[in-house]
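A quick write-up on the structure given underneath.
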């Protein structure tokens, strides 16, 4: 089970670009992240954006717990700190990047969030966040490389992806608002 989670259901075993495929493995989680709060908000009459953040925190905490446990155990098994097949950290970072972009996008149109949960808009927003997350995860600018190189253990494996997700989410949100929503 540790291997399955660390390699995110086999995506980390893909020979070429396992991190990219691991990031794509976050796609169903991200769709659940936007859909589940919609249903909850309809049933219990909560505001969508409040439910979105509650669900995001729950999902992200579960991913962090699973990731921390599975990476720690898997690292001992393979004997390598950040084995290339470990991709749950990419899933964690990608979900963060998507959540920030999605929230900052819909916050501009809070009464129209139903339009943003359609599949075409979801895929569009997901792939914008995916593109920027992969850039920041691969090239590791803005201190991300320092985190990757200087923090040891499981925390070091995960923290650079969290930072890449936060920065990618913020920058993609700014660019999305400036170039897409204002056009």
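Numbers here mean position along the shown chain, with the first residue as 1.
Heads up, the Cβ atoms here are built off N, Cα and C, so glycines get one too.
TrEMBL lists 4-175 with the feature domain 'YutG/PgpA'. Look at TrEMBL and you will find 21-40, 52-71, 91-110, 116-136, 157-179 tagged as transmembrane segment.
Only pairs six or more apart in sequence are counted, and the transmembrane segment (52-71) with the transmembrane segment (157-179) gives three or more Cβ pairs under 8 Å, enough to call it a contact. The list of residues near the transmembrane segment (116-136) in space but at least 6 beyond its ends in sequence, with Cβ under 8 angstroms from a Cβ of it, reads 19-20, 23-24, 27, 30-31, 34-35, 38, 93-94, 97-98, 100-102, 105-106, 109, 142, 144, 163-165, 167-169, 171-172, 176.
Counting residues 6+ beyond its ends, the transmembrane segment (21-40) has Cβ neighbours under 8 Å at 8-9, 11-12, 14, 46, 48, 51-52, 54-56, 59, 63, 87-91, 93-95, 98-99, 102, 113-114, 116-117, 122, 126, 130, 133-134, 137 in the same chain.
In the predicted model, the domain 'YutG/PgpA' (4-175) has a mean pLDDT of 92.
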